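Q: The active site, proton donor annotation in TrEMBL covers Glu90. As annotated by TrEMBL, disulfide bond applies to Cys46-Cys95, Cys106-Cys113, Cys190-Cys222. Feature annotation from TrEMBL assigns domain 'Glycoside hydrolase family 19 catalytic' to 46-68. The signal peptide annotation in TrEMBL covers 1-19.
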Amino acid sequence: MGNLHLLIAAVAILAATAALPANAAVADIVTPAFFNGIKNQAPNSCAGKNFYTREAFLQAANAYPNFGNRGSLPGSKREIAAFFAHVTHETGSMCYVEEINRATYCDPSQYPCAPGKKYYGRGPLQLTWNYNYAVCGRANNFNGVGDPDVVARDPVLAWKTALWFWMTNVRPVLPQGFGATIRKINGIECNGGNAPAVRARVSYYNSYCQKFGIQPEANTSC
């Protein structure tokens, strides 16, 4: 009977675990207080004030179940802290949905550009360049070359573009420290290129690590 009780208990635990949402840990870390604490720093007049929501972020995160899953709770928290440090800097605390400098950002050597379309930064990590829109569009089922503006119209898609860029380009360098993520997102800031911007990113990262009750790892700057 003892073995039977253990088996029943194990089955019950597995069933309960299977019922959990795919990103339960992410939802537990990115609480409403944390998310809104960032967004509340932006003026009410900002376009991102109503565009960026925690619900849209969590819905997008379900499409990237490995995000925020680093094999340990401190590691997962550091990834989320790093991601939102860059989001905070890139969007002005979730104020901007679109880049202020709306240049064309077209490099036809890799992918074509649609007539009249511009591939300036949009979304939480300011997806930029036609080739990024093209590849991200294929990965997330939207026409990135023909309709890049959809990223600024669809909040869930906007978060998906940020998570796509993060998982594809940034996450692989996380073991090297936060400084390496700065190089991947905007490397021209490093080595004195824009020291105040680097300090701002590092400050956000350290602050979010503190909020999550963890210590930042080494190599936070670049």
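Glycine residues also receive a Cβ, built from the backbone N, Cα and C atoms like all the rest.
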Q: Would you count the other C-beta atoms found within 10 angstroms of the C-beta of Cys222 (disulfide bond) for me?
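A: Around Cys222 (disulfide bond), other Cβ atoms within 10 Å: 21.
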Q: In the domain 'Glycoside hydrolase family 19 catalytic' (46-68), how many residues does DSSP assign to helix, to strand and to coil?
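A: Once the DSSP states are binned, the domain 'Glycoside hydrolase family 19 catalytic' (46-68) shows 12 helix, 0 strand, 11 coil.
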Q: The domain 'Glycoside hydrolase family 19 catalytic' (46-68): mean pLDDT?
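A: Its mean pLDDT is 97.
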Q: Could you round the CA separation between the residue listed as 'active site, proton donor' and Cys222 (disulfide bond) to a whole angstrom and send it over?
A: 17
Q: Do you know offhand how many angstrom separate Cys46 (disulfide bond) and Cys222 (disulfide bond) by C-alpha?
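A: Their Cα atoms are separated by 30 Å.
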Q: Taking Cα atoms as reference points, rank the disulfide-bonded residues Cys95, Cys106, Cys113 by distance from Cys222 (disulfide bond) and give the first.
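A: Among Cys95, Cys106, Cys113, Cys95.
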Q: Radius 10 Å, atoms counted are CB only; among the disulfide-bonded residues Cys95, Cys106, Cys113, Cys190, which position scores highest?
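A: Top count of Cβ atoms within 10 Å goes to Cys113.
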